């Protein structure tokens with residue numbers, strides 16, 4: 001899997017303005033200001049989501065009626081395989097935002113990329129981690 005982030009006109013990854021100080025954030029991404037549009041198809045969600053349907057429907061309505069900058073980004077673990085340069089993206093949280101984007105057939109989702117290591121991924125996934133080359 002050799003992923004590419006959506007590019008802006010200047011050739012750099014599509015990056016939104018820095019987050020507003022009032023925007024909710026997680027402990028993992030609190031110090032990360034860059035927000036990217038990541039192709040939904042490139043993100044693996046290895047954990048089963050338990051969804052509140054009312055929350056998903058509400059988010060779908062919100063996504064359709066406001067600028068995307070108003071929707072908090074999800075956290076995405078990003079691993080770049082050193083030998084191949086392949087990018088792997090994993091998301092464990094943001095399940096309601098993810099599902100709302102999926103049901104709306106949106107091609108991308110706003111995300112904060114959290115660079116991770118193979119060792120960290122092995123802690124998360126154990127023996128179920130596939131070979132990331």
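Cβ atoms are placed via backbone N, Cα and C, with glycine included.
Over in TrEMBL, the protein carries these features:
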REGION    1-21  region 'Disordered'
DOMAIN    36-132  domain 'ParB-like N-terminal'
BINDING   94, 95, 96, 97  ATP binding site
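Over the domain 'ParB-like N-terminal' (36-132) the predicted model carries a mean pLDDT of 91. Helix, strand and coil counts from DSSP across the domain 'ParB-like N-terminal' (36-132) read 39 helix, 25 strand, 33 coil. Using a 10 Å radius centred on the Cβ of residue 96 (ATP binding site) and all shown protein chains, the other Cβ atoms total 20. Close to the recorded ATP site, the chain also has 49, 59, 74, 93, 98, 99, 100: residues not among 94, 95, 96, 97 whose Cβ is within 8 Å of the site's Cβ mean position. Sequence-distant neighbours of residue 95 (ATP binding site): residues of the same chain at least 6 apart with a C-beta under 8 Å from its C-beta are 45, 49, 50, 51.
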